[in-house]
Amino acid sequence: MATNFLAHEKIWFDKFKYDDAERRFYEQMNGPVTSGSRQENGASVILRDIARARENIQKSLAGSSGPGASSGPGGDHSELIVRITSLEVENQNLRGVVQDLQQAISKLEARLSSLEKSSPTPRATAPQTQHVSPMRQVEPPTKKGATPAEDDEDKDIDLFGSDEEEEDKEAARLREERLRQYAEKKAKKPTLVAKSSILLDVKPWDDETDMAQLETCVRSIQLDGLVWGASKLVPVGYGIRKLQIQCVVEDDKVGTDLLEEEITKFEEHVQSVDIAAFDKI
């Protein structure tokens, strides 16, 4: 029953055969399909390259003709035009300034001329002459003979002036009195004495030196302006001790060299003297 149904159905089972035959026919008529497609692809690529080259040429031409293009002779020409334009503008401005100055000068000249015309010219007045009376000739007094009475009066005149001598003596006495008072006042005024505080290091010969005797020798030095202070024994090493003693001296009377000379005179006990500290008071 199924086969009978298929026998009555209208189905084209051989259609693929006809399609293959038609394809082969057209292939033979138009040539191979692969070669044709390759040619079309090559032509399209060439056309695209040509179009791209045209676009690039147009863009380059448009860029060179634009205002921002400064490379090449075209750019130099545009820069030159800009500079010329700026120079022309500056020239016009300078011309305007010059014209303003000329107008101001002309106004000043007109003002001066008007002032000169309005003010009258002063007339030169001659100075008034003073009438001077003629000088009279003065006759010298006639010398008269001196009488004996006048000669006696001239002899009685004290030419040296005893009054002036008394005044000079009084002035000298006052001057001496003032000098004496000034000297007394200056003597009563206390004078500042420059003093210094010195710390001395007195070193013995060895550890067997009697340090008490050494200190006694040092303190036995008595000078004007020298005052001895506190002292102590400072260990040096190997059982040896040095005498460290303080003193105050007046700078004008006692010096460090004098102190060293006086202390080093005790050769049996003293080896050397050093200044450990020196301060102004």
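Cβ atoms are placed via backbone N, Cα and C, with glycine included.
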Subject >> Candidate set S64, S78, S114, S162, residue annotated phosphoserine in Swiss-Prot >> reply: S162
Original post:
Which of the modified residues K17, S86, K117, S119 has its Cα closest in space to the Cα of S106 (phosphoserine)?
Top reply: K117
**OP:** Based on Cα distances to K17 (N6-acetyllysine), point out the closest of the modified residues S86, K107, K117.
**Re:** S86
Original post:
Near the region 'Leucine-zipper' (80-115), which residues from the same chain, at least 6 beyond its ends, have a CB less than 8 A from one of its CBs?
Top reply: none
Original post:
What three-state class does DSSP give K107 (N6-acetyllysine)?
Top reply: helix
Subject >> Helix, strand and coil totals (DSSP H, G, I; E, B; other) for the region 'Leucine-zipper' (80-115) >> reply: 36 helix, 0 strand, 0 coil
